[in-house]
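Lifted from Swiss-Prot, the feature list:
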type: BINDING; residues: 10, 11, 43, 99; note: divalent metal cation binding site
């Protein structure tokens, strides 16, 4: 039976990562693949949704002349409009990516790529998020100035996706992170989230009128424990596959309830 797949991202509808993933998925599977993605770069937007301004959907042509839908909003907006206005139904799968830059650790809540995947899962679709490690922000925010091998990552995502098609989907979201030197033979490791992906840094600067302004930046963390997504990608150079859930309830709920319920 033909699958319905909604393909989204946070790097914008004209990203080469999105195009590579669309082409590989379309060629491999019996699927209707519909692209609904932001008009502009939306990195770091998380699962933000537009409540105070109207949204527009514009049909557009991708680089291979196939059709996509550009949304004047966030990745989450793209999923909402994709489900309710473009497809007018919940797809079988929402696939978000290929993101330029890895999405690792608990900081993934800031990721528009993951935000879209979580929104897809919230609507009842099976969701995957996929990201490719890059070594510098230059590659992430100035796509096209240096070559990035999206096709290898797209094929790795395809191969991982295949593993879950024959089984009941095991969780709400599958988060896939691919090291920048990966091949199709790179080992795949099932991981948990690391605590941190970056060590945050705030740089203060002074404008011509002697007022302070700030840039937020971070330094990659390399020394997370074995078994985490950060360690798998950055140290072992493996593909990381992390199962995620929409339920953010603390794991120690019973202990918490026993300790605190009588205090309220």
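Using the three backbone atoms N, Cα and C, a Cβ is placed for every residue, glycine included.
These numbers come from a predicted model, not from an experiment.
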Original post:
Applying the rule Cβ within 8 Å of the centroid of the Cβ atoms of 10, 11, 43, 99, what extra residues of the same chain belong around the divalent metal cation site?
Top reply: 9, 12, 15, 41, 42, 75, 100, 101, 111, 112, 113
Original post:
residue 43 (divalent metal cation binding site) has how many other Cβ neighbours within 10 Å of its own Cβ?
Top reply: 19
Original post:
Given the binding-site residues 10, 11, which one is most crowded in terms of C-beta atoms within 10 angstroms?
Top reply: 10
Original post:
Does DSSP give residue 11 (divalent metal cation binding site) helix, strand or coil?
Top reply: coil
